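Take a look at the structure set out below.
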Amino acid sequence: MGKGSEDLVKKESLNSTPVNSDTFPAWAKDVAECEEHFVVSREKGLSSDEVLKRHQIYGLNELEKPEGTSIFKLILEQFNDTLVRILLAAAVISFVLAFFDGDEGGEMGITAFVEPLVIFLILIVNAIVGIWQETNAEKALEALKEIQSQQATVMRDGTKVSSLPAKELVPGDIVELRVGDKVPADMRVVALISSTLRVEQGSLTGESEAVSKTTKHVDENADIQGKKCMVFAGTTVVNGNCICLVTDTGMNTEIGRVHSQIQEAAQHEEDTPLKKKLNEFGEVLTMIIGLICALVWLINVKYFLSWEYVDGWPRNFKFSFEKCTYYFEIAVALAVAAIPEGLPAVITTCLALGTRKMAQKNALVRKLPSVETLGCTTVICSDKTGTLTTNQMAVSKLVAMGSRIGTLRSFNVEGTSFDPRDGKIEDWPMGRMDANLQMIAKIAAICNDANVEQSDQQFVSRGMPTEAALKVLVEKMGFPEGLNEASSDGDVLRCCRLWSELEQRIATLEFDRDRKSMGVMVDSSSGNKLLLVKGAVENVLERSTHIQLLDGSKRELDQYSRDLILQSLRDMSLSALRCLGFAYSDVPSDFATYDGSEDHPAHQQLLNPSNYSSIESNLIFVGFVGLRDPPRKEVRQAIADCRTAGIRVMVITGDNKSTAEAICREIGVFEADEDISSRSLTGIEFMDVQDQKNHLRQTGGLLFSRAEPKHKQEIVRLLKEDGEVVAMTGDGVNDAPALKLADIGVAMGISGTEVAKEASDMVLADDNFSTIVAAVGEGRSIYNNMKAFIRYMISSNIGEVASIFLTAALGIPEGMIPVQLLWVNLVTDGPPATALGFNPPDKDIMKKPPRRSDDSLITAWILFRYMVIGLYVGVATVGVFIIWYTHSSFMGIDLSQDGHSLVSYSQLAHWGQCSSWEGFKVSPFTAGSQTFSFDSNPCDYFQQGKIKASTLSLSVLVAIEMFNSLNALSEDGSLVTMPPWVNPWLLLAMAVSFGLHFVILYVPFLAQVFGIVPLSLNEWLLVLAVSLPVILIDEVLKFVGRCTSGYRYSPRTLSTKQKEE
């Protein structure tokens, strides 16, 4: 090994880090300097010994796999939630108390264990779902590996090694790339084998066209798109062959940096706005539960702890462990009542229903919380290529020669895809093409190596998209003499095939970057041999001496015609059209008898590309076309809808500035005549802006062109720091880090890479930007419905807490046991709450500005309303309990038919002193087929005997909550204007909940488990009489709400318009 090689190894060993583009800018050095730096020659490549040494330094050429989170840690993370911790504590305490449960607890046998077991089951299911989601979260990194090349052709020890595993490449390796190859590492182009080399790197950079590569070095500060002498791992060679030198491998490649950025973004994922609100609610709930439990405990201390005062000091303490345990159980019941156990399940169900609705609109949600987050999206950062545009090149204008010198004809071409049936040519002489138009069609069809195929109802290009667009144009032009009507089932390119049959192609003059044109020689059916040329308009025009007029006649190309063509070209370029010119001539005399044979003397001229310019001279110019990556038809209206909905649209693309600006003006991001100098920046220009956040706060649209992955990620990060809720769309590898970092990552389903899809929260099945806007509307509707059922469930829980608190405060026996409350929270409340998710959306839902992510889920007014409703629930449930014990009738309803004994309210409130009452006796009473008697212990009337009163309390609670679900149909709208049948699912859900309640009432085994008994008709009338007033109360509150809405919302509206600095 030479001294230079020894120095290199020594240097690398000292640094112990790979040489990468940060330490050696290979793109800014000439080929000789690169070979010298990596101590290699392109003729011999690296030696086997050198490869082994570099493997030890650089490792394998593959992306790192991050260490997965252990299953134990994943399980623990599922309990990192306030509500879950409260539930877990309640379950543990309930389980312990079940062992000490006695007669005073009111529960028997299995009933005592139902509550903790059900809570544990809820927690287990919740943990399983959470772990499943976590283990599926990092597939983006695996998908990234799939786009890496598997094999490479390498020069080692002076010998060409085919199919070497790409992971064995090291910096300094000499690699040969051929058309169709996937680039295995970041490499410096050191020699071109073909006359030209083009690489499709749009998935990495966002460019809409394949990029020509060269061996010439570029500026050291060039961005990815500007590194014309570099090819990058994961991109594809679409034209030409070359020799390259590996400069970076594995995690040091551009795709490796994307991998690192995805990992970094995954570590900074934040909770959704709803999750944050629920966590805040859980923390507040914890404090409230703690305070109320402590208060209940203090209120009832007198029942299990008493003392006498002797000489002013407390003496002779008496403590009852059974009663202490009993009141502790009441405190636990209070906790169970306060926690909306069914809320997580109902939220998940509502979000799942939302995903189904969105799927019907072609928005496939991968992560459930994204459904709700969409509703508060304030900024949509959209990629241009493939998202706002079709990513399918299409001809939009055709310019042909006129009937005389100095005249041009212009035709607008419709269509935005590779489907030949998509659009037509305006004012086109179908079947009556003149000679000039026929020649344009002939050149576009034959001087062309692309193909268009139909696959799964989609038309896709094979080869260069620009050439595929030309073939689609030929199909729209039709064929002369009525042959365009000829049937050819399944032939997508019918006209192109017919032209190819008439004009047999015998030689190809490949495109190169010097002359910027491609030519073909054809043996025409007319007996002549022609040279057909297409290329950059200026270059083709420069080599032309004549023009062809409408009737096919030739005229000398004068200066006026030349200037006219160039002016038309400039006008089209201002519209960001890429223009291609067409010309033809008779073949040079040397090729007059050429038939494509290698033995022909003229064939030698075709082997040397330097001859092509002279062959393609003295041309006859026939016309030119303007192509572009056209915007999607629906995008302009979708952006207008975003503006109406208060959502800002920012376009972030890797494409060049002029093209991006033209598209943005066309789709409505900018007005046609708007000054956008302060709104349109390149990625590098934005990074140099001093106050970046202030730039991003500008109202209206913004554009960032030539943006690299790091720029996209930085823009998303800054927007999130500024309090925006960001939806980021994209389809390429370059979009993946920003998709992962954004609040909502939206990937394209058709054109999107697997990397982008796996990094996203939502996939658009139709690749349509307007689908995002529809999904935002659906997200807002879902959020409104979620507010309805969250408030409904919380008001129910407030009612349960009020019921238990009043019971404890009044000193009467416990009205409802924990297992009954658990049943109500989980089962009875579930169907109505879920059905509220089907509430129809407001008609003006997309005409309102987005809610702020920190907007309160429950305002002070809403809390007051539900405190009032909750207090009524508590009064009603406790009241019906007292009524059964103390009244033989209520509002004309006879309650004495079961034969139960009446007691005074004072006796009920001091039931713990029953054993000291003289002559206290009670009669037996019936409940269904059961008879309850208390001859042996009359005081059991307040424990075992409370079963009927407890059933009435539970039934009133269920009935009130069913009627209260009707109140939740609208926040302030009366049931008169929004009747129950606007949501038939709610009526069905109420029937289901009542049905479930009847099941536990009238099925003996279940009635025993829940500690309840059947009710008579009169008792049901009492339940309804006590329950129905909840509708009237809430109607009054809604009326007050409507009357004061202006006062309550005007300050809020002003505050939302003020951005926090």
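Cβ atoms are placed via backbone N, Cα and C, with glycine included.
Residues or ranges marked as active site, 4-aspartylphosphate intermediate in Swiss-Prot: Asp383. Here Swiss-Prot flags Val336, Ala337, Ile339, Glu341, Asn825, Asp829 as Ca(2+) 2 binding site, drawing on similarity to another entry. Residues or ranges marked as Mg(2+) binding site by Swiss-Prot on the basis of similarity to another entry: Asp731, Asp735. Positions annotated as Ca(2+) 1 binding site by Swiss-Prot, on the basis of similarity to another entry: Asn797, Glu800, Thr828, Asp829, Glu961. Residues or ranges marked as topological domain 'Cytoplasmic' by Swiss-Prot: 1-70, 136-278, 346-786, 838-857, 971-983, 1039-1061. What Swiss-Prot records for 92-115, 299-327, 807-816, 881-950, 1003-1017 is topological domain 'Lumenal'. The annotation transmembrane segment is assigned in Swiss-Prot to 71-91, 116-135, 279-298, 328-345, 787-806, 817-837, 858-880, 951-970, 984-1002, 1018-1038.
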Return the count of C-beta atoms lying within 10 angstroms of the C-beta of Thr828 (Ca(2+) 1 binding site), excluding that atom itself. 24
Using Cβ distances below 8 Å and needing 3 or more such pairs, separated by at least 6 in sequence, tell me whether the transmembrane segment (787-806) contacts the transmembrane segment (858-880). yes
Summarise the topological domain 'Lumenal' (1003-1017) as counts of helix, strand and coil residues per DSSP. 8 helix, 0 strand, 7 coil
Same chain, not part of Asn797, Glu800, Thr828, Asp829, Glu961: whose C-beta falls within 8 angstroms of the C-beta centre of the Ca(2+) 1 site? Give them in sequence order. Met793, Ser796, Gly799, Leu821, Val824, Asn825, Leu957, Val958
So how many other Cβ atoms are close to Asp829 (Ca(2+) 2 binding site), meaning within 10 Å of its Cβ? 29
Those binding-site residues listed as Asp735, Glu800, and which of them has the most Cβ atoms within 10 Å of its own Cβ: Asp735
What's the CA to CA span in angstrom from Thr828 (Ca(2+) 1 binding site) over to Asp383 (active site, 4-aspartylphosphate intermediate)? 47
For Thr828 (Ca(2+) 1 binding site), name the DSSP secondary structure in the helix/strand/coil scheme. helix
Restricting to the topological domain 'Cytoplasmic' (1-70), report the mean pLDDT as a whole number. 72
Relative to the Cβ of Glu961 (Ca(2+) 1 binding site), which residues of the same chain, six or more apart in sequence, are found under 8 Å away? Tyr792, Ser796, Gly799, Val824, Thr828, Asp829, Pro832, Val873
Minimum Cα separation from Asp735 (Mg(2+) binding site), reported as the residue among recorded positions Ile339, Asp383, Asn797, Glu800, Asn825 that achieves it: Asp383
Which residues, given as numbers and ranges, are at least 6 beyond the ends of the transmembrane segment (858-880) yet have a Cβ under 8 Å from it? 281, 790-791, 794-803, 805-807, 810, 812, 815-816, 949, 952-954, 956-957, 960-961, 964, 967, 971, 1022-1023, 1026-1027, 1029-1030, 1033-1034, 1037, 1041, 1044, 1048
Please work out the number of neighbouring Cβ atoms within 10 Å of the Cβ of Asn797 (Ca(2+) 1 binding site), leaving out its own Cβ. 26
Quick one: pull the CA-CA distance for Asn825 (Ca(2+) 2 binding site) versus Asp383 (active site, 4-aspartylphosphate intermediate), whole Å only. 45
Entries of Ile339, Asp731, Asn797, Glu800 which, being binding-site residues, have CA atoms within 10 angstroms of Asp383 (active site, 4-aspartylphosphate intermediate): Asp731
Inter-residue Cα distance where the pair is Asn797 (Ca(2+) 1 binding site) and Ile339 (Ca(2+) 2 binding site), in Å: 7
Per DSSP, what is the residue count of the topological domain 'Cytoplasmic' (838-857) in each of helix, strand and coil? 4 helix, 0 strand, 16 coil
Once DSSP output is merged into helix, strand and coil, Glu800 (Ca(2+) 1 binding site) belongs to helix
